Amino acid sequence: MNKERYIGIMSGTSLDGVDVVLCEIDKKSCLLKASVEYPFPDDLKKEILSMINGKCTLAQVGSVDVRLGILFSDAVNALLEIEKIDPKSIKAIGSHGQTLWHEPVGKYPFSMQLGDPSAIAVRTGIKVVADFRQKDMALGGQGAPFAPAFHAFLFGGTDASVSILNIGGMANITVLGKTLLGYDTGPGNVLMDMWVAEHKDVTYDRNGEWARSGEVIYPLLEAMLEDPYFSQPHPKSTGREKFNEAWLQKHLNAQHSTLNAHDVQRTLLELTAVSISNEVLKFNQDILLLCGGGAKNAFLVERLGTLMPNIQIGIANDADNIEAMTFAWLAYKRLHNEHVDLKDVTGARQNAILGGVYV
């Protein structure tokens, strides 16, 4: 069967840019052919962060939905122009959207992503697949994470026991085996990025160097690790609606002492490393492949190696683009009416065809 061309769009909880990828996909492979990281406007980022903190109006939700749709379409068109690609050669765009709120538990669980897919379809001239999470949640699932299904497609078929760790704003683990498992371990980069932005006027702590200059505040670390999320059994998923500025400030206030900013950064890095290693070590895996922005944090990777000395840790191929590739692949699955194997990951009653199609 001939390979088909799909585009994937991902904008994660870190809000550091829009990742757009071009993939060639068939039943056995998904090959990355091109990618671009499109800048996220500062004013839009600030507005979304304000909305995620629970302060927004219906008018804001509507206008930001359209603004994001325009931003995502501009990002796609930039890739097409750079690579000199005819839009007619693309079967579909898979768009994750920008998560505004993820509420997987309660009487009426939901997950809200913004980024009007109709606007993307009109402005690019390409069919769009979006709204992936809703069907899974209607079937009783968490609606996240979805990457494990793609990880199994991409990295499965080996005799070695392999886990994949994606470190984005949140961190999620995929455990490959007879039964596919995957869930969010907790915060990835989100708290570190938030803290360094507040104190250093940069968007992230390059290579974890600022964290490296500090010392762990153990009472703070222990208090944060007592959060019920970390002991909650999987399936589970989380986001900025849980691990955010208010959550961190609550723990800082409880220390009743003046804390050095670089020591807090060091402690936040340790929180990410320990919460990840606590989960990875449950599965007795031989190999851990890292992807996502956190894979470029040298000090975080170093700490993971120290906490898990018997596991071979490496960086996955195309590590920066695997999340966006996931949604290109999910678009392929939708257009071919193929079920996505996620019920053991999300807790849904059955596997399903995911996503709505916008033309």
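In case you wondered, yes, glycine gets a Cβ from its N, Cα and C as well.
Among the features that Swiss-Prot reports, ATP binding site is placed at Gly12, Thr13, Ser14, Leu15, Asp16, Gly17, Val18, Asp19.
Location within the structure of each feature annotated in Swiss-Prot.
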residue : record           : contacts (Cβ under 8 Å, 6+ apart)
Gly12   : ATP binding site : Asp19, Gly168, Gly169, Glu323
Thr13   : ATP binding site : Thr99, Gly168, Gly169, Met170, Val190, Gly239, Arg240
Ser14   : ATP binding site : Gly168, Gly169, Asn189, Val190, Asp193, Tyr204, Gly293
Leu15   : ATP binding site : Phe40, Lys45, Ile48, Leu49, Gln98, Gly169
Asp16   : ATP binding site : Phe40, Asp193, Thr203, Tyr204, Gly293
Gly17   : ATP binding site : Ser11, Glu37, Tyr38, Pro39, Phe40
Val18   : ATP binding site : Ile9, Met10, Ser11, Glu37, Tyr38, Pro39, Phe40, Leu71, Phe72, Ala75
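In sequence order, Met10, Ser11, Phe40, Gly168, Gly169 are the same-chain residues whose CB sits within 8 A of the CB centroid of Gly12, Thr13, Ser14, Leu15, Asp16, Gly17, Val18, Asp19, the residues recorded for ATP being left out.
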